[in-house]
């Protein structure tokens, strides 16, 4: 009787396959919870931002920026969740088939990883840009102050790291594994810079505490945008980490 093995060795134990599928399914279901909350907030934001401004002095450019940013976060979050589900399904199929990938399966999984990285890092940078926009609006009379240009510098550095991560990810997908180490380092550096951008920007807003309190409690239409979009940003950051 021939041995029960494939091209890569002995078939995985059925208990291991079951545990792997259970863990992947649990993580995927858990990631839909913050995604659902984010989806509701994004729908509310889009509905508010599509209304005509109540005041003639309302910035149409600012509203357009927030609307586009919110829609991009919605699309990237949805695509990211779909890619995670696809990756989990392919992973389960690979394990149950003795993990023997053919070249087409490897190429397709590489494309999924690449697209997943693009959507996740796009979501991160858009979130950072939104929170920086809040500080930019509040410090509109002192935009050359350190509390503005330091977060701006961090935001630019984050964008450079995001582009570098995507470059090394594409390089890895095309030529193999030589670029895995720098890509991994840039991956963690990007998350660190993103966190630093959020901390620096929120510290800048904290320095403007009185103006922020008046801005959020004034009851105008912009204040409601700020409350919703800040909650959206926080949920988006948590969602990105979970994925």
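Using the three backbone atoms N, Cα and C, a Cβ is placed for every residue, glycine included.
Since this is a predicted model, take the numbers as computed values, not measurements.
Per TrEMBL, the features are as follows:
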TRANSMEM  21-44  transmembrane segment
TRANSMEM  64-83  transmembrane segment
TRANSMEM  118-136  transmembrane segment
TRANSMEM  148-173  transmembrane segment
TRANSMEM  185-205  transmembrane segment
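Within its own chain, the transmembrane segment (185-205) is flanked in space by residues 121, 124-125, 127-128, 131-132, 134-135, 138-139, 147-148, 150-151, 154-155, 157-158, 161-162, 164-165, 168, 212, 237, which lie at least six positions past its ends and keep a Cβ under 8 Å from the stretch. A Cβ distance under 8 Å defines the sequence-distant neighbours of the transmembrane segment (148-173), meaning residues of its chain 6+ beyond its ends; these are 110-111, 113-114, 117-118, 121-122, 124-125, 128-129, 132, 135-136, 139, 142, 179-180, 182-183, 186-187, 189-190, 193-194, 196-197, 200-201, 204.
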